[in-house]
Amino acid sequence: MRDYDEVTTFLGEWGPFQRLIFFLLSASIIPNGFNGMSVVFLAAAPEHRCRVPDTANLSRAWRNHSIPLRLLDGREVPHSCRRYRLAVIANFSALGLEPGRDVDLEQLEQESCVDGWEFSQDIYLSTIVTEWSLVCEDDWKTPLTSSLFFVGVLLGSFVSGQLSDRFGRKSILFATMAVQTGFSFLQIFSINWEMFTVLFVIVGMGQISNYVVAFILGTEILGKSVRIIFSTLGVCTFFAVGYMLLPLFAYFIRDWRMLLLALTVPGVLCLPLWWFIPESPRWLISQRRFSEAESIIQKAAKMNNIAAPRVIFDPMELQELKLPGQQKVLILDLFRTRNIATITIMSLLLWMLTSVGYFALSLNAPNLHGDAYLNCFLSALIEVPAYITAWLLLRKLPRRYIIAGVLFLGGGVLLLIQFVPADYNFLSIGLVMLGKFGITSAFSMLYVFTAELYPTPVRNMAVGVTSMASRVGSIIAPYFVYLGAYNRVLPYIVMGSLTVFIGIITLFFPESFGMTLPETLEQMEKVKGFRFRKKPRDSVQKEENPKVLITSF
């Protein structure tokens, strides 16, 4: 009995058909880069201060001194959430008293911004923060907006695989693409923060579902040698391209509603891909729809200018065999023994804390000193060499050492930021980008590492559970950015410390590079002291091991 890869060997690996699928599916990922990080501009908080009504009977001097000063990062700046009590300073103004000379400002009573706020329009004309005044007592809503988007991502992660298994890869790919684009468009008409946030949760569900299904479809259609490149460099790099285009859109469109409208256009442009991207022949075969699968392969052979066999798929040859004695596995099997439980707990921490670092640095990029749009572009650009570096390192070097190494690099440079003088802004930005490089490299290696650690029966479950931990990390990441409101370097101290900590933990994992993939829970149970028994690479290649497909999404 031959498998699907053997039956379709005649198509070749990198013909016109494969190139078309590679680039069209990768291009469908670009809008995910928009929506995944759009909140950094949609929910940006410009500089603000309490509004002093024009009707207030104040002299010019008292109007200029109506806002108290506060100490922030070693310098005095106007308070964002307090003003001197208007009735009191209006009385002083009527008496002709001068602020600072006749009246000690430090002794004056203060009040909240009862008349609203004045927002700077130097960088943003409008955001959801300026639209609904999400500052001061309501500033908790801003990080919650980002967190709830990632809650949607978490929910979408649960359902995307099941939906594509039930209704087909192609149908769910374009359905979720429509959900992502359609609900982003509906957000433009939001009348309050609550409506915007509920729609944002649904956008998050569509965003990750589109990403995951595009990955599954690509890995099932493309050949063995191409699918690994697609699942690493292809998918990840095109996500970074979308991320890089985001600040370019935002630079020219400073109003949040118009920006959101512009970001929905690429999603609409992807819908005509329906007529060029086929359904997965593998899925069709699993549904016993052999004639449809054969039609797709016949068209692919014609596109590649290859003569296809008269009968490609023999139903009797491709029928699935139930393996004798196959054991049913549960999530509790990931904690069956002390060794397995320890590795699982360390894996959950590794995924979650690496995700915290990646998303916190991404969301905080516009808050760095200097041009917010340039900083966001650099944060996206640095991901491309990070993915390439990860791919090169995975080919030649031990897993735990390279993951720990890039985590030490990322965390170490973040800890150095606290020692950089405030005037050396370019050095601080450079260290942040280097930290993003290290953490992104580590993040893109985790699927490979986790898939190699666990045995075949629980491998998919282990990757799924640990990737869920990364969603939890993305949900709490906005609150690490929120720490910057109290101290400029506090987010980097916390993120750097956690990243170095998880780098140290990574050194205690078993090494999987050049090892035989474990086939049963019993084989993993025999791991003592977190070490696998090493076998020569030649013997590993001769064994019939399952082919593991992984990516970072």
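Glycine is no exception: its Cβ is also placed from the backbone N, Cα and C atoms.
Annotated in TrEMBL:
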DOMAIN    88-514  domain 'Major facilitator superfamily (MFS) profile'
TRANSMEM  20-44  transmembrane segment
TRANSMEM  172-189  transmembrane segment
TRANSMEM  195-217  transmembrane segment
TRANSMEM  229-253  transmembrane segment
TRANSMEM  259-277  transmembrane segment
TRANSMEM  340-360  transmembrane segment
TRANSMEM  372-394  transmembrane segment
TRANSMEM  401-420  transmembrane segment
TRANSMEM  426-449  transmembrane segment
TRANSMEM  461-483  transmembrane segment
TRANSMEM  489-509  transmembrane segment
Response to the item:
Rounded mean pLDDT within the domain 'Major facilitator superfamily (MFS) profile' (88-514) lands at 84
Fill in: Stretch of maximal Cβ-Cβ contact with the transmembrane segment (172-189) [cut-off: under 8 Å; candidates 20-44, 401-420, 426-449, 461-483, 489-509]
20-44
Item to complete: Mind checking which residues of the chain, 6+ beyond the ends of the transmembrane segment (259-277), have their Cβ under 8 Å from one of its Cβ atoms?
Response: 20-21, 24-25, 27-28, 30-31, 34-35, 38, 41-42, 170, 173-174, 177-178, 180-181, 184-185, 187-188, 217, 242, 246, 249-250, 253
Worksheet item: Most CB pairs under 8 Å with the transmembrane segment (195-217): which of 229-253, 340-360, 401-420, 461-483?
Response: 229-253
Response to the item:
Per the Cβ filter (under 8 Å) with a sequence gap of at least 6 from its ends, the transmembrane segment (229-253) is approached by 22, 25-27, 29-34, 36-38, 40-41, 211, 214-215, 218-219, 222, 259, 262-263, 266, 362, 372-374, 376-377, 379-381, 383-384, 387-388, 390-391, 444, 549-553
Worksheet entry | Candidate ranges 20-44, 340-360, 401-420, 489-509 - greatest C-beta contact count to the transmembrane segment (461-483) (under 8 angstroms) | 340-360
Worksheet item: Sequence gap of 6 or more, Cβ distance under 8 Å, 3 or more pairs: do the transmembrane segment (340-360) and the transmembrane segment (20-44) meet that?
Response: no
